[in-house]
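Worksheet: the structure to be examined is printed underneath.
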There are 2 protein chains.
Amino acid sequence: MANVAAKREISSAEGEELSREAKRAKGDDKNGEESGNEPEWENILSTFTTTSVLSDSAREKIMFLHGKMAGDEAVVVLEKTPVREDSLAELFRDSKLRLDMRNDIYSSYRLQAPPHLNEIKTTVVCPATEKHVKKYRRQESFLVEETGDDYRSVTLPYIQEQSLSLQWVYNILEKKAEAERVVYDDPDPEVGFVLLPDLKWDQKQVDDLYLIAIARQKDIKSLRDLSSEHLPLLHNIFHKGKAAILERYNLPASKLRVYLHYQPSYYHLHVHFTKLGHDAPGCGVERAHLLSDVIQNLQTDPQYYRTRTLWFPLRADDGLLGRFKEAGRL
Amino acid sequence: MANVAAKREISSAEGEELSREAKRAKGDDKNGEESGNEPEWENILSTFTTTSVLSDSAREKIMFLHGKMAGDEAVVVLEKTPVREDSLAELFRDSKLRLDMRNDIYSSYRLQAPPHLNEIKTTVVCPATEKHVKKYRRQESFLVEETGDDYRSVTLPYIQEQSLSLQWVYNILEKKAEAERVVYDDPDPEVGFVLLPDLKWDQKQVDDLYLIAIARQKDIKSLRDLSSEHLPLLHNIFHKGKAAILERYNLPASKLRVYLHYQPSYYHLHVHFTKLGHDAPGCGVERAHLLSDVIQNLQTDPQYYRTRTLWFPLRADDGLLGRFKEAGRL
C-alpha cells in the first residue's frame, strides 16, 4: 500500500523531497565533534570528477552530483548551511562586500564571508549504485498547453490506455484500507467523500497540514470532467471538508488552501486541503486550481473546464508528454 | 516563507532625496563590472548592529534582520547563493573538508570553500521605515475573499489612502536606475514594458531565473483594473518577454511560469517570469494567476477581473486585512 500510495503524488517539489533524503545520511554516527579531538582536514573531494548534475534546487541551495571518486561511482550532495544567528556579529565584522546594485533606499551586495562562518554541508555516497543515482536524478518538467480538443484527442485516449488501477482508492472508500486514518466520511453516493491525511503529512504538527478528500462518485476523472451538475458535490466537499478540519485540527477555513490538481496524479476526483503558508509540493499556480475558483467558473459557465485551454507541467519521462510531442503540440 | 522574500513595494524617499539617490545610483553603475575595473570592496555592514531577526528559513538559507546602520534604521537580508555548477571543479580543488560522520557507504562533511566561490547575497534597505520592518517580520497569513464590490468598497479606498511611492518603478522605466540590468525594453507607451531581473535572482544560474516585466502604462494598478482593452499589452508582454528570455538565457517558453500576483506587492502592473521547477516565492495558487489564463479569461469575458470574486492571502499585520475585518468580511 505504502508503495502504491507514494506514487499517488509524483510532484514537482523535488527539492523538499531531496533535502529530506540528504538528511537521511546525517546524524547516525557521532564520530565528528564528540570524539574530543578535532578531526583532520581532508580533501576527499579533490579526487571527485563530476559526471552530471542529477538535480538541484536554487531555492534550497542544494545540488546532487553524480561522478567518480578514486575509481568508484559516487553521489555527492552539496547543501549550503542555514544563516546562523549566533555568528552574525562576527560575520558582519569580518566579511567583505561588493556593491551590485543601488536604487533609492535599496542596495544589494555580494558578501564574501570567512569560510568557517559559511560552510557547505557535503554528503558523499560511495560506492553508489545505479539506484542511488536514479533516486537523486531530477526529471525536467515542461509546460504543456492543452485545449479541449487536445484533451479529447491526446490526453483522454492516453489515460484510457494506461487504465491504472484505482484499487487503493476504492479500498479507502470501502474501508478496506486506511480506515483508521479517515478524518471525515460522508457516505452519500452522489455528494459524499472521504477525508484523510495525505501520506506526505506526518500529522505531527498542523504547520504542514495536508489532507485529501476523495469523492465517492467513481466516474469523474479530473477537472476536465466537471460541469455544473457537479456543483453540489464540490460545495459539499468544500464546506464539510473545511468544517471537519476546523473541528479536528482547530484550523479555520481562512488558513486553508483548497485545490485540485490538473493533471492529477490519479484519475479519480480528489481535492487537496493544505495549510496556507506551508509551501506544499504541487501548490504552484501551474498545477493547482483553487476549488473556490473552480466552483465560481462552473457557476458562470457550466462547461468551463470542458472547453478551456489548460496549462500544466509534465516531466520529461511522462508518457503523456511523448503523446503531445507526437501530436506536434510541443 | 514566500511572503517574506526580498521585494520592494515601499519607498519613503522624497523628491529631492530621490534625484540625489538616482544620481548616486548612476554613478555607481559606472563603477560596476562593465567598466573593466573591479569595484572597491567595502564593508557597510561593519556598522550594522542587529536589533532582531525578523524571520528566517533554514530550508531556504535566508534570514531577515532589523537593526541600525550608522544611526539609520535598516533591514538586511542575507541569503546564501545557490550551488553553482560552473565552479564545481574549483570548489572541489580549493576547499577544505572536515568529516562529521561516516556510516557504511554514507559520509558527511563540513566543507569550507574559498569565499569567492560561496558568496552570500545581501540586500540592504536603509533608511528603512516601520513598514519595511513590518513587511519582513514573519506573520501568519489569512485567505481573504474579495468580491468585485469588496474591491471597490474596501480594497481600492485602502490602496488610494496608502498612496505608496512608486518612484523606484519610474526610475527603472525612465532609466534613472538599474538601466544596466534591463534585459529588454519596449518603449511603446501603450503596450511597452521593461523586463529586468527580480532582485531575488542573483543571475548566476538559470535554474532560479526570475524576471519582472513592468508595464509602461502607469494607470493599471493590478489584475482588477484589467479589461479586454489591455489584451494587446498583455499579449505583448507575454510574447516579447518569452522571446527576450529565450534569446538572453536560452530558456524556451515551455520552461517558464508567467504570472501576475493578486494582491500585488506594488500597484503598478507587472508580470513575473520564473523558471518552471523552481519553487519561486509567491508562485502558489493562492496568489499567482497565469498570464495565459488571464488572457483567456479576458477574451471570454472582457470584465472578468472586475466582476469576479478573487481569493488571496494577507498577512496578519496587513492594514488591508484590518479593513476586511472592519467590513465584516472575515
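Including glycine, each Cβ sits where the backbone N, Cα and C put it.
Note: TrEMBL annotation is automatic and uncurated.
Residues or ranges marked as region 'Disordered' by TrEMBL: B:1-44.
If you look up TrEMBL, you'll see B:1-33 marked as compositional bias 'Basic and acidic residues'.
With a cut-off of 8 Å between CB atoms and residues at least 6 apart in sequence, the same chain places B:Ile212, B:Ala213, B:Ile214, B:Ala215, B:Leu260, B:Pro264 near B:His270 (active site, nucleophile), listed in sequence order. TrEMBL lists B:Trp168, B:Glu178, B:Asp198, B:Lys200, B:261-272 with the feature substrate binding site.
If you look up TrEMBL, you'll see B:His270 marked as active site, nucleophile.
Each of the binding-site residues B:Gln263, B:Ser265 was scored by how many other Cβ atoms lie within 10 Å of its Cβ, and the smallest score goes to B:Ser265. For B:Leu269 (substrate binding site), the number of other Cβ atoms no farther than 10 Å from its own Cβ, over all displayed protein chains, is 25. Every protein chain considered, the tally of other Cβ atoms within 10 Å of the Cβ of B:Trp168 (substrate binding site) stands at 25.
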